[in-house]
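Student: Below: one structure in structure tokens.
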């Protein structure tokens, strides 16, 4: 093991408080720290100013406080090809994609990692809330200790070779502590608001953004029994389990999206949060990644998350070929959504995950969820 | 590792003689040059002396020198100021695709005001064609603005020939000579320019100083509003100590011009020689024999600018490429895009190295070694 002062760690800095504190902690530990800002999206206005400017300025201020060098790198083309194209394709297919998972897989921990290595880095660090542990030469990824911030859900596609080069300096800290450290050191980003939403959309209106890239096709809203309940603005604007924006009046329980019919451009709605049409007992997942890189032989019991920040649920996972599994829920689950990630855990260890492809109920695919 | 500075076209270290000349002014001459008392006169004296020296350096009359806050302001004043003051004669302006952004963005502003701008193209050698200029000239052309030396490639432009063509045309001729000043012998009459821009910090003077030479009779609208300074062409209290430093930098540049040309050329040759010895694959952008000795722009096939510049800096070599966007990432150079076409590899794998006061033969060679090992690693 090299001396820390001879160990170069490139920190992916977004201009937020998390990556700022990640850099600070590594610097305090004595590493040779280099801060790099990634620019993945071009939203330059007619004056040549982009919204990334303020974030980069914050990176500059923090790096100057820490006395570490800082640079920027542009992955707009890679991001467009690998993440945004996938994002649009999934919406076209009536699904609800997770661009953060794809961004981590293809950009942050691939293109960006390669860039860091080309700069002579020994490690790439980010401000993610997750932990890496080496056990007998094998790398494990553990949840961040802050339950509410744990980001392993988004990191489920990382491989052994990636984890061997990655550091998550915040994984053992609660978010409150990260804010406290930032304030204690008077970092420029100490009181900056956390970013929300998908990075390239930012604070903009999601519908408006999507309509710039995909033509919206309004159509009918119906119950699964065929009763018309009004019009929808385009299937891509709705996700399974959604309540907002349906505009169905009348008495009784509120209405929810329960499915889509892409061919006939119909949005299916039903009444009541716990409507049985929203519940399922299993799913098929594809694009499987097992972090220990071992193939699944036979069924396995573990826990799973089907969305970010959800409580774990008990499941049984069975292999269906190399890249595909069937997941059976021990208790029925509400609003399982194709396109989202399913991520598996054994206690605090994240085992890996995949993309939800089909939803199952009573041994049948629920074709209405799209 | 001692960092080595190869970015003199961006800015230069202040010469110790310049600092020495400025200090007493900073310490003692605090008066406002416009004031009608002893303190003001002292300051006015400093500026007037500098104006004489600087005018002499380009064979101009001292009344024709307008001090500005630097090259950008001088370019803006030349382009926007003359266009606004002469729009009754015509609304057509000619410039080139390889100008500094100070000229290009000023031209774009004029377009918004309704002016028509012709941006002359360049070929792969990065040189403006006199013929193209001639055919672009129109009756309503009121201004031609063409740089003397390109800041990215170091290519010397045919200013004298263009000046010759414009002798028989009423359009004003402005040349941004920021990268030429100090290295080329400039004579505003021989070049037949009406306006010329120079900057202090590119020739080892302090930052935030520059001048616009304006031939007597040139009509210009001031872009600032205020006092009567610089004959109303540039209101605002003068940067007295900065102007003093600029003067000293000009004196040194004139006195050592031949010496510097020779010396910087040697640094460049040592640098290129070493890269060849190390078997680095590279192509020089432009025609080396037609560049100023201080600048070379090199394409390294199989690499990209961001990885190169970051690696160079981490290994202690300071160079540059194109311009950084507001979010820090490097935009493909508009100059190289004009030369090779948008999307050509050379627009994203080329680096400008520029030599000067901070260099020695030894550090030029050492820098080449560092560059060579990085390029060989990245180009694999």
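Glycine is no exception: its Cβ is also placed from the backbone N, Cα and C atoms.
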Student: Which of A:38, A:102, A:167 does TrEMBL put in the same ATP site as A:12, A:13, A:14, A:15, A:16, A:17, A:18, A:19, A:127?
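Tutor: Record source TrEMBL; matching candidate: A:38.
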Student: Can you see whether DSSP assigns residue A:12 (ATP binding site) to helix, strand or coil?
Tutor: strand
Student: For the ATP site as recorded (A:12, A:13, A:14, A:15, A:16, A:17, A:18, A:19, A:38, A:127), determine the largest distance between any two Cα atoms, in Å, rounded to the nearest integer.
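Tutor: This binding site's residues have a maximal Cα-Cα distance of 16 Å.
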Student: Quick one: DSSP breakdown of the domain 'tRNA-specific 2-thiouridylase MnmA-like central' (A:207-269) into helix, strand and coil?
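Tutor: Per DSSP, the residues of the domain 'tRNA-specific 2-thiouridylase MnmA-like central' (A:207-269) fall into 8 helix, 20 strand, 35 coil.
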Student: Distance between residue A:14 (ATP binding site) and residue A:340 (site 'Interaction with tRNA') at the Cα atoms, whole Å?
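Tutor: Pair distance, Cα basis, whole Å: 24 Å.
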Student: Compute the C-alpha separation of residue A:12 (ATP binding site) from residue A:128 (site 'Interaction with tRNA'), stating it in Å without decimals.
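Tutor: The Cα atom of residue A:12 (ATP binding site) is 10 Å away from the Cα atom of residue A:128 (site 'Interaction with tRNA').
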Student: May I ask which of the recorded positions A:103, A:128, A:340 is closest to residue A:16 (ATP binding site) if we compare their C-alpha atoms?
Tutor: A:128
Student: Which of these binding-site residues has the least crowded Cβ, counting other Cβ atoms within 10 Å: A:12, A:16?
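Tutor: Fewest other Cβ atoms within 10 Å, among the binding-site residues A:12, A:16, is found for A:16.
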Student: Of A:103, A:128, A:199, A:340, which recorded positions come within 10 Å of residue A:18 (ATP binding site), going by C-alpha to C-alpha distance?
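Tutor: For residue A:18 (ATP binding site), the recorded positions whose Cα atoms are within 10 Å come to A:128.
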Student: Quick one: DSSP breakdown of the domain 'tRNA-specific 2-thiouridylase MnmA-like C-terminal' (A:280-356) into helix, strand and coil?
Tutor: 0 helix, 48 strand, 29 coil
